[in-house]
Amino acid sequence: MDSIVQDAIDEAEESEDSASEPADVAGGGGDTVPTGTMTDNELEDVLQELQTNITVVGCGGAGSNTVDRMATEGIHGADLVAANTDVQHLVDIEADTKILMGQQKTKGRGAGSLPQVGEEAAIESQGEIRDSIAGSDMVFVTAGLGGGTGTGSAPVVAKAAREQGALTIAIVTTPFTAEGEVRRTNAEAGLERLRDVADTVIVVPNDRLLDSVGKLPVREAFKVSDEVLMRSVKGITELITKPGLVNLDFADVRTVMEKGGVAMIGLGEADSDAKAADSVQSALRSPLLDVDISSANSALVNVTGGPGMSIEEAEGVVEQLYDRIDPDARIIWGTSIDEQIQEEMRTMVVVTGVDSPQIYGRNEAAEGDGPAQESTPEPEPEPQAGSEIEDIDYVE
């Protein structure tokens, strides 16, 4: 399959191990910008004030692996935080900030695949978590759902980020069927909790990756999953922080992602003569995007190409999407330039307000205001992180 998923497989097979700069363009929404004749230094000061502060928090093993891959790959304009209960794993991760969660609870030995322990560890370390995301305009929370630390801690981190006023986007994987029913049940509970506290939850179903990674060894299949998480976060972040033919700012991304609910992502690439059409078709046929996008209420599109990419090529990608999505849906798109890409074009499509058989939880209830609101009466008081969703239990 000619897609970024295939590219991720190539990365995983090649190696076991496989800087940030200030944002070039960012939007602050409500900031007052001085007008009139200004010097270059004064303009630089204004640009610094408008800079969007983005933080990526990797929770647990899979989330920390995502952060590590982003540090290796290089991400433009984001701070990287790795948060885990396993000190041995954390030592090997590259990140701007590392948080060993729940030292008293776990002694650095991990959560034992128990989400309850991961949640308690994150609550114990809420001070460090809040410090690591302080001042952020947008926070990505990445995790692999189904295990202990990522499943339990990701909702706590997302809740803290949203309470501090950040646009909060969770990007998570759901487990392979072969991982067992316990992990699937815990992933469902973790996803439900994330839906209550994050603005948007982008779900990457590992089962759908089997279409591409079925013949790979198990360890490399998980590396592909980590790679897809990394590329998803990087693609959204660099829409804001990297210059392109069509630039987006933070306000644009907030328009789609704020209260976006559950979202799915498609990744595609092409280097053919008709690469614009082929890359978007590859993204829409991606096994990760197992939805009927015609019912989506909004979409965020990132088109990445080399220095020779034309505005006509980028527009061709978006025109293809307009033909397939609800005419009333809001589509926000931008481009970024990657000097390392020659003739290729990459397309990332995030669609929100969708239903999919690959998504666990209350899809049906989420569509109607009545039942969904009645089933979650606790969020109003907000006594402490994690307690607003006590009705959904993890299993051991």
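Cβ from N, Cα, C; glycine included.
Just so it is clear, the model here is predicted, and its values are computed rather than measured.
When ASP226, ASP249, ASP252 are compared with the GTP site residues GLY61, ALA62, GLY63, SER64, ASN65, GLY148, THR149, GLY150, GLU179, ARG183 in Swiss-Prot, the one appearing in that site is ASP226. GLU179 (GTP binding site) carries a helical DSSP state (H, G or I). Counting neighbouring Cβ atoms within 10 Å of each of the binding-site residues (GLY61, GLY63), the lowest count belongs to GLY61. Each of the binding-site residues ASN65, THR149 was ranked by the number of other C-beta atoms within 10 Å, and first place falls to THR149.
With the fewest other Cβ atoms inside 10 Å of its Cβ, the least crowded of the binding-site residues GLU179, ASP226 in this structure is GLU179. Among the record's GTP binders, GLY61, ALA62, GLY63, SER64, ASN65, GLY148, THR149, GLY150, GLU179, ARG183, ASP226, no two C-alpha atoms are more than 20 Å apart, and one pair sits at exactly that spread.
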